[in-house]
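What follows is a short report on a single structure.
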């Protein structure tokens, strides 16, 4: 191990879309690229977010030289609060990304210890044995970076999340020229975003989206209500510009959008004049044709501004005939039902609702196949490791890399927890490390796992029945009970005769078992009742038998 | 009310996709069209299926002349078991649909009472004051019908679920000519399927799908595994035909597909020779290039053949490199995660997986916009009521009807439980009736409602904590306890110190409250513990305090 080498350890994002996180390591230096979260699948009842297992970083924090963030989306910065509770290290990214990081860590009471180091496109930063070059990339958030990395064993390029807008609006291009220059000295390894490898051609461009939005605003006679991802500052700028062009004022409802707009404006990434803007309170004085509203709620989140509006529960606003609602975002699959409920309710209130399915008003921020090809050809790496995708995305991206001339034996599919070491002229796959994701529920991290989730699924799916029996074997048996109560089982009014029969069953069990053997008594009560409920109702609730022997004086 | 009139009462399917069900009524006669179920949203924990409230029919069963079924999909026949437990009436539909109905009712032990009356295209059946004409329609199941209905106030046409295949394969056309003839005497009212009104143009045709499948089978060197909706007999026929053409034998795994194939073959709707077929057991003797497998599992159902294969848990089969898996179906939104997990696992095992997103291997069975236009123009109704859709679909279909010349005041949007009465020359909207859908959990119908579901959501999301305290105020207080146990809360190893603190809190509460006031004691224990868990863990489990006063001799 004396030969120079770099070990790359993916901690998240390779095998799933979300919680992107990767460690770069030499014997002396460790740098973390991104530290994101993932939103839980529906079956993970009660889980708020999912984060990578960060033990690997925490155990090596002595050599942690810095954390480099490609951009400010939650799947790249969202797990930082859990990491920054345990380690100290400088954070490198764009001003805008770091402003989002600061806000997030402030919410977790961690702002004091922050060491934020803003960088700009084409900046260069040395972190231990690594030197990072930052290149602007176009994505569905402003100020994203791809990373050129000089290492002791050669150059690496990490795309971050990106697309290649062929006809970009001011300042939102991917810096292909910079990347080409960096690559001209030879790139050993490319990591590239696999999210959209299954989509042919090129992603729609923001110019195309703006043209669609322009058509809508031009035709609309009444108010225009727009919802979008709250960090999509470029799109928000387009909306301000269109509003100005058509003599409308923009008002805002929803905390996350208002806060992002404030940050972006302070940093000079969003431009509008006070004439172009209006407080919610001042809307009643304006004609509907003079108004654009920007709202939270693109995913049908029940407490968001748009959802409250759709239910008629917004304090300051209501929806009425003539309103045009533009949902300028994609529907994340798990949210489809919630979103379509909002759409139907808005139609019931008389609005017209436009969404991606019916009009081209959202563009993905991730490169489609032809854009991925351009990146592969621009960087022309010796080795290729696809990142940011489920297994099939990684596999298809590896195929694409081979089409673009990377040798099959040098396109490598890794998943979370599979480290790989690069030497000057060889590679070595390392033993896998523990990289299970952690479930965050409330303030707890990792105190909820598959066994607890399984219990929740049964409780949630079938409900609960508690049986209480107080016994005193010396005084001849049952002192009190059986009392039976239930939660989430069936309606009260259907319950009473069921529970009467259940009590008889418990009494039968009691008659045939030594009352001092509470363990056996409990087991038998549980199994008899489960059989009874299955037969009668076709259900299998959690049965909790409590047999309390008061002759045993244990408190 | 002496004037002839017909009242139409939608019981399901107007306001949601699923559980289609509509009553047609005169003073003497009642006919039910379809009686379908809907699969529950994810938030309806533990609910198996959702069915319409059928009280309306049950209360009027004396005049129920028959139940007419347009086709055999679950959203049209799935609620029959709950209806046929309570009413007797003849069931009219195609042979194939009725065979599916028979199988379903047999499973519910209701086959003895069945009165099944098969009809064919262009048949005519009188039911009380109504005369039904059956017209073949093309859909994603064979033997579907649209219904021409003569009533005392004029003609009605109900499309059922349909598409208009412009270039249909043998026997699978929508009988536009028959419908045109029926309509030539004037149609007062059209009910038409709104599912795909948001999709422009025409649905893909089966011929196009077969061409795609042909390309895949032609190129494939290894085995071909196909999964699809198990009732899509036409597509299954295409697969048998392609297998024969390329010298492959077809084997089948999965109960529902095997059973449907048997029914369809017996009725002469599916044709293949014994040479074309092979038992699973005989596969090992065949070269991979000679095999096609048809499997259940198009929605990633965990126990389906394809899911078991993807996890390496199928008793007779395994997936290996060279296999091509064709998912010839759509991804129903709530199932996306389960389906993509299956796809990723299949790729891990070395298979190639093709699905709608990457190849045109599935066609919707519902008419797109231009096909809906053809239906509107063919029937040319005086009144139009869109059916089978969420609110926005109904609204957009009404707009389309107006484009096609139906007067705006005669395009009517109804939702479930909104009856409308047609007279010879007027209409009247009736008082709405109770049409809440019923949640079916196990053998229970309607014994689970929103309050129980809410309890389940909390139990499932946060878990459960039970506190037991046995008291005897006469003997000076606590006899036993507090004992605290939990389910679905947090890991055991994290639990003990939390529960020690919780016990202290319970003892504190006890010291400050009269032990005879068990109600107050329970309330205070619950609120104190909830506050404690929220503060410490950020969670809010269901807290069940059991205070047992053994001085009260209640059994």
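A Cβ is built for glycine as well, from the same backbone N, Cα and C atoms used for every other residue.
Any TrEMBL annotation is an automated prediction that lacks curation.
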From A:362, A:368, A:388, the one annotated by TrEMBL with A:71, A:73, A:75, A:76, A:139, A:161 for Zn(2+): A:388
Given TrEMBL lists A:46, A:48 for Ca(2+), the same-site residue among A:425, A:441, A:472: A:441
Close recorded positions near residue A:139 (Zn(2+) binding site), where close means Cα within 10 Å, chosen from A:193, A:232, A:364, A:366: A:232, A:364, A:366
Proximity to chain B among binding-site residues A:46, A:73, A:76, A:161, A:364, A:441, where any Cβ pair is under 8 Å: A:46, A:441
Binding-site residues near residue A:193 (active site, proton donor) (Cα-Cα within 10 Å), from A:46, A:73, A:161, A:362, A:366: A:161, A:366
Candidate binding-site residues A:73, A:76, A:441, pick with smallest Cα gap to residue A:364 (substrate binding site): A:73
Averaged pLDDT score, the domain 'Metallo-beta-lactamase' (A:18-213): 94
DSSP-derived class (H/G/I helix, E/B strand, else coil) of residue A:76 (Zn(2+) binding site): helix
Nearest of the binding-site residues (A:75, A:161, A:388) to residue A:362 (substrate binding site), judged by Cα-Cα distance: A:161
Pairwise CA distance, residue A:48 (Ca(2+) binding site) versus residue A:230 (substrate binding site), rounded so that it is a whole Å: 19
Cα-to-Cα gap, residue A:365 (substrate binding site) vs residue A:161 (Zn(2+) binding site), nearest whole Å: 8
